[in-house]
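Notes for the one structure printed next.
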C-alpha cells in the first residue's frame, strides 16, 4: 500500500514537473514574441516622427496638416484603447496581439503606397516649366521679357499639370495608414503586460516589463539609423538619373526615400505577428486538463460548458458593462488621479509637440540636413534617454520611495529640466540674411516685413517670377530667392557646382574684388551659429536624460494612486487622455504656430500654397521653445499641488504610513492575482 502511494506521488510529481516545464517554455515563447512586437511598435512610431517633414514636402502640405497626419495614429488608438484594456483580458490575448501586429504592419505599408502612384517628385514646380525635368536648364537668369516668353510657351503644360496636381490629396492614404497602425498597436502593451502579470513567477513581472521596455529601445535605434540612411537617398531613387538632380539633402526642397522606412517597418510588424497565433490563451490550462481528464470526458464537458456559456452570455456582458462604468466612476472621483492626468497631459503634450518638429527646427535654425539630425538623435540623444529611464527605475527601487517620495523625485527632475530648457533661448541664431525676405534686394537694408518686398533697381528690369524659390548664395554671404532676382546674367551651365556670374544685386553691396557671382543653394550658417549648435546638442542630451527620468516616475505613480483592481483601467484611461488631447492636438497646434513663422511658401502647378520653404528662424525658435515652456510651467505647479494633496491625505502618518501604504498595495496586488487564479480554476472545474 505504501509502495503504491509512493508511486502515485512520484507520478504526480513528474506530471507536475512536466506541466511547469511546458508552461514555462510557452511563457518564454510569449516573452520572445512580445519583445519583437515591442521593437516593431517603437520602430513604426519613430519612422513616422522622423518622416513627417519629408511627408510635408512630398505632398506639399503645411505643418498643421502634417501634424494632423501624425496625430492620426492616436485617433486610431483612441477608438479602441479603453475597450481593449478592459475586455481584452477576457479574450484570447496572444491572438489579439497577433492581429494587432498584423494591422500595424498593414497600416505602415498603406502609408508608403502613395509613393508608387503619385509620379515623380518635382521640386521646381514654382518655375512652371517642363515638369518632367528637374534639370539645370530650367534655372532662370536675368533676361529681359523672360517671364512673358515662358508664359506663352508653357501655358498649356501648366494647365495639364494642374489637373495632375490633384494627386496631392493622396496624403489621405498616409492619414488612413497611420490610423490603422494606431488601431493595431493598441492591444500590445495592455494585454501583453496583463498576460505577464498573470503567468509570470511571483515578483518577476516588473523585471520582465523592464526588459521589454529596454528591448523596445532597439526599435528607435534602428529607426533613427534607417532614417539617417534613407533621408540621404533621393525620393525617386531607382526611377530617375540622379545626376540630373541639382539639389542636395540640405536644400529645403529635398525629399528623401521616406517610403522605404514604412515598408521595412510594415514587413517587420507583420512578421512579428506570426508567433502569437500559435500560443495558448492560458499556458497552464491545457496541461491541467490532460492530467485530470480523459479525452472523452473533456469533449463531453466542453459541450456542456458551451451550452452554459451561451445561456449566461447575456448576463456576463451586462455585468461587464456595468462593472466598467462603476470602475470608471471610481477613478474619475479620485482627486489624486485627476490631478495626475492633468499634469502628465501638459508635460507630455510639450514633449510630443517639440519632438514632432525637432528635425525641422534643426534644419531651419542650424542648417542641418534631416540625415544629420536623425543620426544625432539616434546615436547621442536616444542612449541618454534609455539611461535616464533605467536610472529613474533604479533610484525608486533602491531607496524604496513611497508615493510622496516618487512625486518629489519627479518634481526635482522636472524643475531641473525646466531650468535647462531656459538655456535654449541664448542659443538662438540670428535670422538668415535673405534678400527679398529679411533684406532689400540690393542687400543693404533690413525690411520690416517679408511680405511683398519691392524690387530694387538691380533686378527691376529682369522680369523675374517673384514666386520662384531657387535659392542662390552670393559671394557676399546673402541668399537670394533665385538667380534672376540676384540679377545674374549667365551661368556655368550643367557643370557642377553651378555658378552664376555678373549678378548685379551682389555687385551693389560694395564688394572690392569685382567678382559678383553666386552659387546654387542657400548660404551656410556662420561660425557663431555653428558654435551655438554644438552647445545646443549638449543641452539637448542633458534635457533628454532628465525628461526620461521625469516621465518614468509618472509611469510608477499612476499605479500607486488607484486601487489594485483598477490598475489596468487607470492606465488605459490615462493613455486615452494623453493620446487624444496630447498625441492628436499637440502636433496640430505646434504645427499651426510653426506655419505662422513661414516667410516663403511653395506654390503648386495650380498656384495653390504648398509646403514652407524657409522660416524666420528666430521667430520659430521663440515659438518652439516658448510654447514648450508654457506647457512645462503649469506642470510644475500641478506637481506641487499633487504633493500637497498626498501629504494631506496621509497627514500624521509620515514615513511609516507611506511604507504601510506600499505594503498594502503589494498585498492587494497579490490578493487580486490569487482571486483571478481562483476564478479561472473554478471555471475550469465547472
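For all residues, glycine too, the Cβ spot is worked out from N, Cα and C.
Unlike curated records, TrEMBL annotations are generated automatically.
Range annotated as transmembrane segment by TrEMBL, chosen from 309-330, 375-396, 441-462: 375-396.
It is 533-557, from the ranges 533-557, 658-682, that TrEMBL records as transmembrane segment. Check TrEMBL against the ranges 144-169, 170-195 and you find transmembrane segment recorded for 170-195. When the stretches 29-52, 64-84, 336-359, 403-424, 623-646 are ranked by Cβ pairs under 8 Å to the transmembrane segment (533-557), first place goes to 403-424. Counting Cβ pairs under 8 Å to the transmembrane segment (64-84), the top-ranked stretch among 29-52, 170-195, 207-235 is 170-195. Contacts between the transmembrane segment (623-646) and the transmembrane segment (336-359): present, as 3 or more C-beta pairs lie under 8 angstroms, all at sequence separation of six or more. Spatially, the transmembrane segment (255-279) is adjacent to the transmembrane segment (29-52); three or more Cβ-Cβ distances between them are under 8 Å for residues at least 6 apart in sequence. Mean pLDDT, taken over the domain 'Major facilitator superfamily (MFS) profile' (30-647), works out to 84 on the 0 to 100 scale. Secondary structure of the domain 'Kazal-like' (452-507), assigned with DSSP and counted as helix (H, G, I), strand (E, B) and coil, comes to 4 helix, 10 strand, 42 coil.
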